[in-house]
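Everything on this sheet refers to the single structure shown next.
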Amino acid sequence: MLLFALGFLLIILQPCTGQFPRVCANRQSLLSKECCPPWDGDGSPCGELSNRGSCQNILLSQAPLGPQFPFSGVDDREDWPSVFYNRTCRCEGNFMGFNCGECKFGFSGLNCTERQVRTRRNIFQLTTSEKNKFLAYLNLAKNIPSQDYVIATGTYTQMNNGSNPMFRDINVYDLFVWMHYYASRDTLLGGSNVWRDIDFAHEAPGFLPWHRAFLLMWERQIQKITGDENFTIPYWDWRDAEDCGVCNDEYMGGRHPTNPNLLSPASIFSSWQVICTRSEEYNSQQALCSATSEGPIRRNPGNNDKSRTPRLPSSADVEFCLSLTQYESGSMDKMANYSFRNTLEGFADPQTAISNPSQSSLHNALHIYMNGSMSQVQGSANDPIFVIHHAFVDSIFERWLRRHRPMLEVYPAANAPIGHNRENYMVPFIPLYRNGEFFKPSRELGYDYAYLQEPALESFQDFLTPYLQQARQIWPWLVGAAVFGGIITAALTGLIRACRKKKGGTSSEIQPLLIESEDYNNITYQSNF
């Protein structure tokens, strides 16, 4: 009965965010290249009659890209989403959504004017009922079809440039698995040729903003299908963990008693089927993942390649990463040195920040450690541990933002790998979001982390650190200025005294002003200070 009620609630709720809006996945929309659906509130495209938004031409960034992708016009994701649509809804004020029927993240109310900040909590600090509700919500999302979105099962060329649409339905959870796959898949070049050095969600500056947006959209979908507006994703704090503390039947599924690569039959996740895990098969067929079932979730935590990932990340690894002042550097890919993003993503050593792709640390370490579905990039979101892991990664990103307080200009505007410049739209989201829109503190997006709210010494250190770093940088100049000032003061004082003495010797009627020794000492002290 509860499942039926939640399914009915999904049907009547307004659309949220995802991949291809169902109302635009048709021949007319593809041929006209326009996705400006009406808002149910007034029946006008983009809610224009209610001043929610209007149908506008998409403004694409013209900033140059990095050299990693040497092609043009061969991938549907280039200049997203212009291959499919060049006109979409541009929403006003705090409105959002493919038809401007939603509120921006962090806002609610009839006119989206009410500010809201929800708190994400440690999964181990949830009550039993809260934890069970979270697991039930995950399972519900796996079993309810998305009412608002469909996925593409062919490229634009395979769709005969829009005249033969190729889309299919998908459940809410797998919609997000497919989006993660689509953003990170290889480029199909024809024949049996592919280009692997491309990823719109990883190995470049957009890694953290992309996953931040991804989690917010996932969170919003769960709120909608359950009617629980206060739902937030819990996080798994894996610092200094000796094993997978959530890999048991109480949480995300234990180990199968006879097959260590599978989940325990007592876990609800043991019946889940994965999608989008056979990248080599898709490449050989020059096809997209069609979201058909490909077997159960596979996971064998800790039995990974120890030469690549010898242990789970430590608190010291995280603290060193947070000390890095540059968000991005150099080539802005997985070879970047002294880059906070590259170190947190796990391609640089967490003790030196020097790139070392042969090792997997921090974020990457967790994926490799799970030794299964989560260890292959394109299909990693199949394992529900993905969301609680990335929630904690996002909290580290949040700590860095609060500690260093970067301006938006810190995020690269040009020369990043394809899709990762500040003004590029994130693949494959519709409505459209630019990378730079999520390079901001989480509270501005309507959420916070429980462990960042506590008035602990750690929070005070995060507040104080940028000022100490600035003082450290200018301290030699301050010392030099003080020494130079002292020398100048002494020279001027000596010159003045010599002049006065000379004048006193030439005329007995002209006497210098008398300065008491106490006053003179005060002047000297003030000058030196």
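Using the three backbone atoms N, Cα and C, a Cβ is placed for every residue, glycine included.
TrEMBL: automatically predicted annotations, no manual curation.
Per TrEMBL, the features are:
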DOMAIN    202-219  domain 'Tyrosinase copper-binding'
DOMAIN    383-394  domain 'Tyrosinase copper-binding'
REGION    287-313  region 'Disordered'
SIGNAL    1-18  signal peptide
TRANSMEM  474-496  transmembrane segment
Model confidence over the domain 'Tyrosinase copper-binding' (383-394) (mean pLDDT, whole number): 98
Within-chain partners of the domain 'Tyrosinase copper-binding' (202-219) [C-beta distance under 8 Å, separation at least 6 from its ends]: 16-18, 105, 176, 179-180, 183-184, 231-233, 327-328, 332-334, 341, 344-345, 347, 377, 387, 390-391, 393-394, 397, 411-412, 416-417, 419-421, 424, 426, 429, 433, 435-439, 442, 445-447
Same-chain residue ranges lying at least 6 outside the region 'Disordered' (287-313) that approach it to Cβ under 8 Å: 151-155, 168, 170, 174, 178, 181-182, 185, 188, 238-244, 247, 253, 255, 260-263, 269-278, 350, 358-362, 364-366, 368-375, 378, 382-383, 385
